[in-house]
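Worksheet: one structure, shown below.
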């Protein structure tokens, strides 16, 4: 583990004084930097110790462990309450103070309005005091609100971080049975969407008790103002409250159902992104596109139902005050009471307070609480899944003096995704290049890995390393009676080699899983004494340098490291890499060949100084010479004094084994030494004998294989170079940092998002609905003010003095047509209700349709982009767009956008009305508006960068999780649980730094906006008093009540505007992926001839190939012709360009020159037409979750009989027949319920079904036993007899009997001819040198086979012209 760290800025919050904390002044330096330039990760503050992932996980884990020990049915909610409950209770106190200030404002306003009434007893001094009180309440409530809001958000954030860390730690411990019950998609969804419920889930819970108390207080006040008439309005509120609460619960139900469908979609996307190369080769874009579209449609159906509930709730919240006012004042008027400004606007102001508390915050509390409870249940169910029996992570993680690494130091998780240069990095130069890990005191910490390493070494002093199994039986599925392993007995002592052999699916890898503790025993006993190291059958390479992959967090020992590199045959490979062992290998090791990945995987296991080494088929992916080198120098060399258990299909090594264990269908057929098994005469022993026969007669494929295997040992010390397949030829592309936009979100992004739903017409209709609605909304208040003014005028006229004056003038006293005012008020209110409901639902549906369409467009763009994009972008980075970003577009952006539009229009309407009523208000409003515009622009310069940093620092968390799940067995076997957990915590702490800034910067703006709104309220109230002679009570009540509302609305509006803009960064990121450069069109207007290709001839004319435009050419000026039905072997050294030839024929990138198949230039036809006519059997078998039928036939093109026939030919019919649902049996994620060999056979069955004229084989038999290998070769020769077959060879014996051999060197065709003719030139030819390097005996046998094939071919009269 690398101790290289970089000091960061200490978090200024830790040392800020009270005033600085209150006003968030400590953020000012950051805003200055953000205003001048783009913020980088280096500008972020260290996460505080109490907010660190390690600390929070430790606290919650302690509570969770107590919960599990005290209750038979543990509840995560109780554990959360035990850990964080006390702090949350205290947050209710400032909320009570805030609501008290809000209730006091209408009461002060009522007194102020009375000052403007004729005959009022309110003095000017009292009026100014009321104005001052209203302003002070606005200021104090804002100050309290933002501190409380920040603390509440921080409280939820801490729970989110703690749960994420616990989810990850649980994922490290999941048993294989538990892994079958969950998927990568579900775990990603838990950590990307479910935990986000904590951000909002507890913000409004206190209002569940504050709301009813406040309702009682306000009801008493309203009774004093309106009498019994107030009950009409309150009755509607009481009716609406349970309706909104029910809507909130229904919304949560639909969100829960949506979460399951999101799990399914994200899991599918994870598989698709990981297997994109195979999908493009098989032209499976269309079926997978339909699958994802179907899953997305089902997901959106639930989202639409949830949105309907949310939209209705929001609409009710918007119009509730209008309906309440209608019912209250209509009742008040019908009872014969006059409408006065004081009563109207005091009641409206109180109803507004109650609306926000009871009809907005309480339903939100119910909705968010329901959502968070569902999320907690989902997380709880995951945390209760079965674990492996051995545990390498202690319950209480190792801590420094503070409990966790210091917050003053942060490891550097940049430049690499997944396992990056923090936890798994080795020293980048030499063993003396050690960086200091600092604590607050500045002292150096001891390296925890040194201690761990010493423990490993010390463990062997206590016991004699050995592995023993007695009557061992085990099974993966506890519900089934069939055992995976049955009655196995063996014992391996220190310094011994046990080799396990058997056919595909015989239980070899499962036996190693038992030894690792991954597969629980059902009977018998297994003893493993000593530390264990493990090399998995499926090579795992994480994103990082070669050295990081090998050292894997252990101390870098220079001599040992290079000794391991040499004995694993990696020296030559590193010489060819641009930066040697510091070369960055891409996500999932995609820039490496299968052989290179296998050897790095092996080197990682060997580098760990363990007592016992479990090696699961490490020799299959390498050629014979390299395999011999590894066996001699590594397994029998550097590890000779260790306990070694080797699973292999390479039978030539059995003679060197101390013991041999033969497996068949999970049973132990025999165990013993090589001579003992020869005497017993088992089937494989006959094959071993066959290699000893030096028969020069016609050689069968199996005999050729076994003779080659027997002779390999004679040339061990002659091997100096490797002959296996190359990496993605040329310099491996370095993994790119995730792009991050600069500046404001462009209007083009808003336009594209808003028109992605119902189009331009929908956008226009939305604008019209909003303007008409807002006009109607404001008109109701103006009409009430006008009505009250007329009523007061009438009351004043009816007074004795005024009546006498009117009589003297002979003028009739005016009357108020109450019915007219009631009808207009009622009609407009009904219009507001209808418009609010329609426009809210319309805008919600527009946002959801935009999200739906953008997802489909992004997926279509992703699946059509060149393969280079997937080579340079980790899975987690791409998956982040489909999980987190799409989650924000689905869930958060719609309601935030709708509310933003609502409150923006309301705020603009308030300012206009207040200014029209009292023009003097415009004098202070203009400078306040200018200050606001500058403040917002100043804030957004930093806020946008903070939000984008939050998004880009989130991707490594998911990449690390994805990489961990891929290499889970390796991580656990190498006891690297603690290392990867620390790595995850470091990634999460980096993301927390960005999230912390997001929370605090929004509060920085909010507190300043409240100062502006308080200034606005002060301006309105004092200007009203100053202009008392020109204003009546109704207009004063309208303006002051609106200004009070502004203290909430304006704050909410600006907060929503910033959150909408930051949320639009998700839309920006999604839109970025919708515009990826595509491959050429899958179909073109130029259709190939009917039945093309009929023969399968391939003609290359000056063909060159590069993986990217302007990149280095990996194949150069190839000119050659391959005849129809010809069998061609393709060989060459590492990096020569063999695999690139396959990519060129499939046009994985565009080519220069000409390639013609049956005379048709492949550059003129569509990719679908081309790739669908070429079958590929890849080296790494890829299966997808779903039915076996869909894996074989995603287009539903073949009948059951054809599928069964294909399975029978590859010897899988008995295996599939035993499955409960046969062809409809569901495969686990990535097909993990099949062995690697069985998965390879499924890939072969796919090729059999396609019946194309061209077949490309990329070492398809690497993971199968010799008998199955022989079977596959026979099937290929018989079923593809009339096809052109190109075999990319890692083992020369598989192509020595080919019609011709193509030798590729440095991207050019060095030789092309019949094997015998090429060998006739001796060692002067390229092919001759490759064969000579196999050793004298093996080279002689190869020459003999080539000679026999040549004479047999040319001795037979040709019955047809096979050359075109």
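Every residue gets a Cβ built from N, Cα and C, even glycine.
The feature domain 'ABC transmembrane type-1' is assigned by TrEMBL to 103-370, 764-1062. Among the features that TrEMBL reports, transmembrane segment is placed at 112-140, 204-224, 230-251, 312-335, 347-369, 750-773, 820-842, 920-939, 1009-1028, 1034-1054. According to TrEMBL, the domain 'ABC transporter' annotation covers 467-690, 1098-1331.
Looking at the domain 'ABC transporter' (467-690) alone, the prediction's average pLDDT is 82. Distant neighbours of the transmembrane segment (920-939): 31, 35, 911, 914, 1001, 1004-1005, 1008-1009, 1012, 1015-1016, 1019-1020, 1023, 1026-1027, 1039, 1054, 1057-1058; these residues of the same chain sit at least 6 beyond its ends, with a Cβ under 8 Å from one of its Cβ atoms. Using a cut-off of 8 Å between Cβ atoms, the transmembrane segment (312-335) and the transmembrane segment (820-842) share at least three residue pairs, counting only pairs 6 or more apart in sequence. Counting Cβ pairs under 8 Å that are 6 or more residues apart, the transmembrane segment (112-140) and the transmembrane segment (230-251) reach fewer than 3 and are not in contact. Within the same chain, residues 308, 311-312, 314-315, 318-319, 322-323, 325-326, 329-330, 333-334, 762, 765-766, 769-770, 772-773, 776-777, 779-780, 783-784, 787, 790, 898, 902 sit at least 6 positions outside the transmembrane segment (820-842) and bring their C-beta atoms closer than 8 Å to a C-beta of that stretch. Sequence-distant contacts of the transmembrane segment (204-224), counting only residues of its own chain at least 6 positions beyond either end whose CB sits under 8 Å from a CB of the stretch, comprise 91-92, 95-96, 99, 103, 107, 230, 233-234, 237, 347, 350, 353-354, 357-358, 361-362, 364-366, 368-369.
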